[in-house]
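Structure record follows, encoded as structure tokens.
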Amino acid sequence: MNLPPVIAIDGPTASGKGTVASLVAQKLGFHYLDSGALYRLVALGCQKHGLDPKNGPEIAELAKKLVISFKNGQVFLNLEDVTEAIRSESMGLLASQIAVHPEVRQALVSIQHGFRTTPGLVADGRDMASVIFPDASLKVFLTATPSARAERRHKQLIAKGISAKLPDLLQDLQERDARDSSRGTAPLFMTDGAKLLETSELSIDQAVKAVLDWYQGSLK
């Protein structure tokens, strides 16, 4: 039985992979999986239940019980719209901290596999191509320089009316990169067979076109 195709887009924090992946999914009519949102949802659940972010087994048990859904660009946790709540910098930091636990990552594997349905899936996340969907039709490692990523994140936050200092954002990104690259389970790396997409000097439209062109080429 042939499984639906998957385009897996990996890359570091604030590289723009979410925006690109979402637009590629729209263009192709595919489903979209934001795996980063899953970890932020678990982080929010962890916070609501007062769990210690260092307690991997306890967080993993909580993750298995959460009711998670995506609809029309909104994210729901136990039927509550938490789209904005999970996008704060503090929630992103907490998500990165709990993602180092092997038990937590394993608890979310089956949930992520469940998004692979007809006609296809664009999966965005830091281990989509290397761990979750190693058989993906197309693997993309999307990145940008730390300074470019920090500037993008700064503009996003300012646009939302959230105050932020560029040097602090840059330091936070560099710390997350170090943590994500050195963790024992699913460390951040460019998997074999992946195509490198460096977006520091590219517009969103250019990055989307590059992925679509690669995917069309993979079908020939």
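Cβ atoms here come from the backbone N, Cα and C positions, even for glycine.
Note: TrEMBL annotation is automatic and uncurated.
TrEMBL lists 7-214 with the feature domain 'Cytidylate kinase'.
The feature ATP binding site is assigned by TrEMBL to GLY11, PRO12, THR13, ALA14, SER15, GLY16, LYS17, GLY18, THR19. In sequence order, LYS17, ARG126, VAL140, PHE141, LEU142, THR143 are the residues of the chain that are 6 or more apart from GLY11 (ATP binding site) and have a CB within less than 8 Å of its CB.
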Local Cβ density at LYS17 (ATP binding site) - other Cβ atoms counted within 10 Å: 28
Neighbourhood of THR13 (ATP binding site) by C-beta distance under 8 A, where only residues 6 or more apart in the same chain count: GLY92, SER96, ARG126, ARG149, LEU173, ARG176, ASP177, ASP180
